[in-house]
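**Student:** What follows is a structure written as structure tokens; I'll ask about it next.
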Amino acid sequence: MFTAFYYIFSLFIYFISLPFLIILSFKSKYKKSIPARFFLYKNPPFCEKRYWFHSCSLGETRALRPVIEQFEKVNISVITNTGFEEAKKYKNADVRFLPYEIFLPFWVKPCNTLIVMEAELWYMLFYTAKRKCSKTVLLNARISEKSYPKYLKFKWFYKKIFQNIDLVLAQSETDRQRLVSLGAKNVEVVGNIKTYFNPSITTRYIKTKPLIVVASTHENEEKLILENLPLNEYQVVVVPRHPERFEEVYKILNNYGSAVRISDICKNGEKECKLDGDLILMDKMGELVNLYAVADIVILGGSFVDNVGGHNPVEAAYFNKPIISGKYIFNQKALYSEVDGIVICDVDEITDQLKNIQNTTIRNRTDIKKIISLIL
């Protein structure tokens, strides 16, 4: 009864949203994902019965690498354009956008196991997969301190979702307790797979001065950070979190000096590139790891404004880079606790912190073999 009501409600939401979906589909951010997800344009079902991984965006899709590499062939579904482009890098994967829920009962085909990353708790996805796949798994599961009260308000709904999930692999004991309180069964603590980070360098950047990488910035952060950096002493590369902000951020950078775009000085596919310029916009996706490898200091965005909650510090810590972060890290507390040496400060304290900053180290790496054994 509930499933029928939920499906009808989702169908109603779909039809009243159609005008907005059509308009949004013309925006560059959504021109691939909306037609694929809401109109099934060039988005057929998976052809072969395989292990099926689902993640939302770029970060979660990249974090799956050590797990996906253990399989000969996999299927991957995503939500965002950046997640899709990252998933296409896996040579052993067929990639699709995950359709809106009303399409899932006939779009989903039999699979070995559905493995869903973190908090992608779609009711129809798990309901359908429970009936068509051998097993359903929620991987790297977490409930942040800030979002937990919101989840509790809809506990009755999440309990119904968890009825269709066979195994939950939680990041921490705190996450396990929160998930159990929402109705999750068979919950095991295995750690955060994002700590098992093993990158490959695709481009070697050559710096001309000590290099600061300002990573994963959001609206208003570029101004806040640049105003508190001694720009004459460093070469600075700013990496916006979202590609649709590239042009906006380029204009902001020009207020602080003569900015250059990385796309103007480095050609696609180059194995080596000299960073010409003291203030550079990274207007390509997937280059953070390459920059972290040569950075002298990393300033981690998403943490100096109060509406994001921080980003993953493990990638920079893998290279033992000094990391400066803001205090708004409520979505990443578990990952921050896995890294020693991160400096957390207000934005107006950055210049002082640059003087005596130390390298970071990762405390523990998650046991991928244990995760694979539980999934299989």
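Just so you know, glycine gets a Cβ as well, placed from its N, Cα and C.
TrEMBL does not curate its annotations; it predicts them automatically.
Copying in the features that TrEMBL gives for the protein in this structure:
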type	residues	note
ACT_SITE	Glu60	active site, proton acceptor
DOMAIN	33-195	domain '3-deoxy-D-manno-octulosonic-acid transferase N-terminal'
SITE	Glu118	site 'Transition state stabilizer'
SITE	Lys194	site 'Transition state stabilizer'
TRANSMEM	6-26	transmembrane segment
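Just tell me what is around each of these and how deep it sits.
**Tutor:** Secondary structure at Glu60 (active site, proton acceptor), as computed by DSSP, is helix. Long-range Cβ neighbours of Glu60 (active site, proton acceptor) (same chain, at least 6 residues apart, Cβ-Cβ under 8 Å): Gly83, Met117, Glu118, Asn140.
Within 10 Å of the C-beta of Glu118 (site 'Transition state stabilizer') there are 20 other C-beta atoms, taking all protein chains into account. Under the DSSP three-state reduction, Glu118 (site 'Transition state stabilizer') is assigned to coil, being neither helix nor strand.
Take the CB of Lys194 (site 'Transition state stabilizer') and look out to 10 A: across all protein chains shown you find 24 other CB atoms.
Beyond the ends of the transmembrane segment (6-26), by six or more residues, the same chain brings 34-35, 38, 100-102, 105, 123-124 to within a C-beta distance below 8 angstroms of the stretch.
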**Student:** Taking all residues of the domain '3-deoxy-D-manno-octulosonic-acid transferase N-terminal' (33-195) together, what is their mean pLDDT?
**Tutor:** 96
